[in-house]
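Okay, these came from TrEMBL:
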TRANSMEM  27-52  transmembrane segment
TRANSMEM  85-106  transmembrane segment
TRANSMEM  118-140  transmembrane segment
TRANSMEM  152-182  transmembrane segment
Amino acid sequence: MRNKTDRRPDPSASDGTEPRFDRELRILLVLGAGAVILYILMAVGLFGLLGFESAQSLDVRFGYTGQTAGQVLTDLGDRGRIEYLVFHCLDYLFALALYPSLGILIRRQIRESRLPTPVSFLALLPLAAGLCDIIENLIIDLSLLGFPRISLAWLGAAGGFTLAKFLLLGLGLLALVVFGLYRYTRRTGDR
């Protein structure tokens, strides 16, 4: 039984005042698990229901040109283009799960490392990568829907967004590793 003068929140209270990091951790786990499941579904082409495989996707190519992208869309054929659109439905969900979870991880690493606040902008790197991914997908999807009337310039821009996505994602992952190593060396140095 708690003393009435005790001003600390009751840990058993279910009034929505739970610690922020617990909610954040649950969100991280749900988003992370969702990203893993969606990645598996995309990697195996919805367990063979789609003839389209992620290896055919423009999403995983570095620095493609508008002409290369136009040729890929032509080579897919009508069925392949429809399946690419279905694939992108999963990819949008994947982007909404993966990039925020990486941002949360970076933010937690920064907070737990007790690093200065100006470093916290690095948690936005994965979110910027996610924005590039979604813009890239939108351009490709509009091209798929408008095929054969496509803009090679827009498809070239999609290639630029793909490259930016990978660069920002790589920088975000690098930040995550650096902060993790920093925390590890601080912890082992304190012993």
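Placement of Cβ uses the backbone N, Cα and C atoms for every residue, glycine included.
Neighbours and distances for these, please.
Long-range Cβ contacts of the transmembrane segment (118-140) within its own chain (Cβ-Cβ under 8 Å, at least 6 residues beyond either end) map to 58-59, 69, 84, 88, 91-92, 95-96, 98-100, 102-104, 106-107, 110, 154-155, 157-158, 161-162, 164-166, 168-169, 171-172, 175.
Within its own chain, the transmembrane segment (152-182) has Cβ neighbours under 8 Å at 58-59, 61-70, 73, 99, 102-103, 105-106, 109-110, 113, 115, 122, 125-126, 128-130, 132-133, 135-136, 139-140, 142-143, counting only residues six or more beyond its boundaries.
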